[in-house]
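Notes to accompany the following structure.
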Amino acid sequence: MHDTCNVVFSGVGAFLVLLPLPLHWRARNSGTLLLITWLFLGNLLGFVDDIVWWDNVNNPAPVWCDIVSKILVGLPVGISASSLCITRRLVMIASSTKVTITQRQKKIAFVVDMLLGIGLPFIVMALHYIVQAHRFDIMEGYGCQPVTWPGVPGVLAVQIWAPLLSVIASVYGVIALKFFISRRLQFQNVLRSSRSGLDNRHYIRLMALSSVDLLIGLPLTTFVLVDFSRHPRPYVSWEWLHLGWSRVDHYAASAFLTTSRQTADAILPRWFSPLLAINFFLFFGVSNDAINEYSRWIQWVTDRLSFKSRQSNDVLPIIAPNLGSTVVHPSGVEAREPSFTAAASSESPYPESKWEEDCAQKGIRGVTVSVSVESQTV
């Protein structure tokens, strides 16, 4: 069984989530930039793995699977932490009683966002090795998958973090909404004085985005946690669990999609990134600022193409003079046409001095020189 819809939406999601990137990069909103990064990685890796392992369980790139399996461990944590960074920033702005936010406060907020959005997922990736029974699994139609030993250590080291961060982000979201409602009359002045680059509409979109992300992400991460904890196994020892650690297990689709429960376990977590990517685009990819940005891109491309077209059609005149001399001779005198090249050469059979002497003897009074100019098109 192949999830064709997931392949399509993963590819589309990886593209759509990048479209609003320039706007958020200029705004220096670290929370949304982190969310874009994690969503892009999740959709891109899912799209590539689905295609490469569409109908096989081969292992052509072990290093790729090592990297992908680790990123998939930290992916839910990174997405949930990014939502927490967004809601935390909204609360900081809305609850601020100062006229402006100082540079020191901005730096501290940035460092905290980096620790939450990048540091914590990498810590979870490192902790995963404690409960990693073997190297990785390869599943037909799904590609490289991480292996986590089910039990209390696996829950504490890996599975608990994404739903926990989502719950904390939900609390921050409620606080941000409370401040927005209680200070709605002077809220525009608060946003302007904070120099955050936000206005009412942007603030509301961020709040709605984080709310919908939590409505999607919290149930999915909770489902994964509950499903993981259904059949716990004892953690005997480090040596026992990591015995034969370099093993790679291969699973055909017919082996792990035999029941509806197994199908749900395999399919639902993979829709985490595509759904959130499309949700992000709907909030920020079709706004007036984004549409104006797309118009500038189209105008830039059009200007470049029209410039190249004009450049290829331009006619550049090159002056290539063709010099010739017409000499008036009296009757009875044989006409000779002088050569400027020959005259300039010391080896000319008829030097310029001899020509002038003959003209003087034969009474030639004038010389008419005509110059014609031809234009050449290149």
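In case you wondered, yes, glycine gets a Cβ from its N, Cα and C as well.
Just so you know, TrEMBL annotations never went through curation; they're auto-generated.
Under the heading transmembrane segment, TrEMBL lists 6-23, 30-47, 67-87, 108-131, 160-181, 202-226, 271-291.
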Of 6-23, 30-47, 67-87, 108-131, 271-291, whichever stretch has the most CB pairs under 8 A to the transmembrane segment (160-181): 67-87
Best-contacting stretch, by C-beta pairs under 8 Å, relative to the transmembrane segment (202-226) and drawn from 30-47, 67-87, 108-131: 67-87
Distant-in-sequence neighbours of the transmembrane segment (67-87), which means Cβ under 8 A and at least six residues beyond its ends: 29-32, 34-35, 37-39, 41-42, 45, 49, 112-113, 116-118, 120-122, 124-125, 128, 136, 143-148, 158, 161-163, 165-166, 168-170, 172-173, 176, 206-207, 209-210, 213-214, 217, 221, 224, 272-273, 276
